[in-house]
């Protein structure tokens, strides 16, 4: 019952998601403008730089070495997350083209090239009886590679929809995300202990960075007239598309594990680590890459996907936990 209760609890929107919704509402009603927007944007940029420095300092060299030793499972997870998922995103973008605004179409592509989540993919794998160590390594490896792969993949795929994410955008990513991440890796021996002792502070910075990125993105979007250009019908279409995308990701990641003849625990890890996409990485990246109303539109599909993956993963994790002694589905 404890496992089922934990899974059911995850169906309820968590407090942080409610904060994000409140942030979107606040930006819609009271968007920052002019010098206020510039000031908040500068704080957001500084927070992003600091956050990725912390990520670099927290990712131990041992985690990287462990990932190399479990290369078969990790290769399957990375191949699904950065190979199959972007192809799904490209396919869905083709289907949606002409039905919703270009920013929302780019948002579908963008979310599929993001790395996996850190906390939720590991937590659900644990609840369902998956390979927790493999999930930890997958989260570390996916987010490490995502700093480079996400902007490169998005630049390649967005061009098919007329998006602009060229060398200048990649340069911004290198400067604001990859540089502090590498600095954190180099400084790890000096700051890792302090960061470990202040995990709550680091967690707060993680959430604050997302909230600031969302507020700035939607403030720019609202002042640019996003709610005049994105209709309720478009939101409904995108919600349906994101739901279908997540269901397809779950089905195919589970099927890939069976095709590769992985043990049940590894299939569960592949299921969650392969299909989950990180809002914690995506929101700051959108803040770096885009400005104006386009940023808010691109962010919307990711926010929807984020909540859906939490809710549907709770159902899957509970079911897998109940059937732990039964034959694999």
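Backbone N, Cα and C atoms are what each Cβ position is placed from, and that goes for glycine too.
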Seminar exercise, completed: In TrEMBL, of the candidate ranges 57-74, 75-92, the one given as transmembrane segment runs 75-92
For this session: If TrEMBL is the reference, give me the range from 36-54, 188-206 marked as transmembrane segment.
Result: 36-54
Problem set entry | Tertiary contacts of the transmembrane segment (236-260) (same chain, 6+ residues out, Cβ under 8 Å) | 76, 80, 84-85, 88-89, 92, 95-96, 99-100, 104, 107-108, 111-112, 266-267, 270-271, 274-275, 300-301, 304-305, 308-309, 312, 316, 328-329
Exercise. Most CB pairs under 8 Å with the transmembrane segment (208-230): which of 36-54, 75-92, 104-124?
Worked result: 36-54
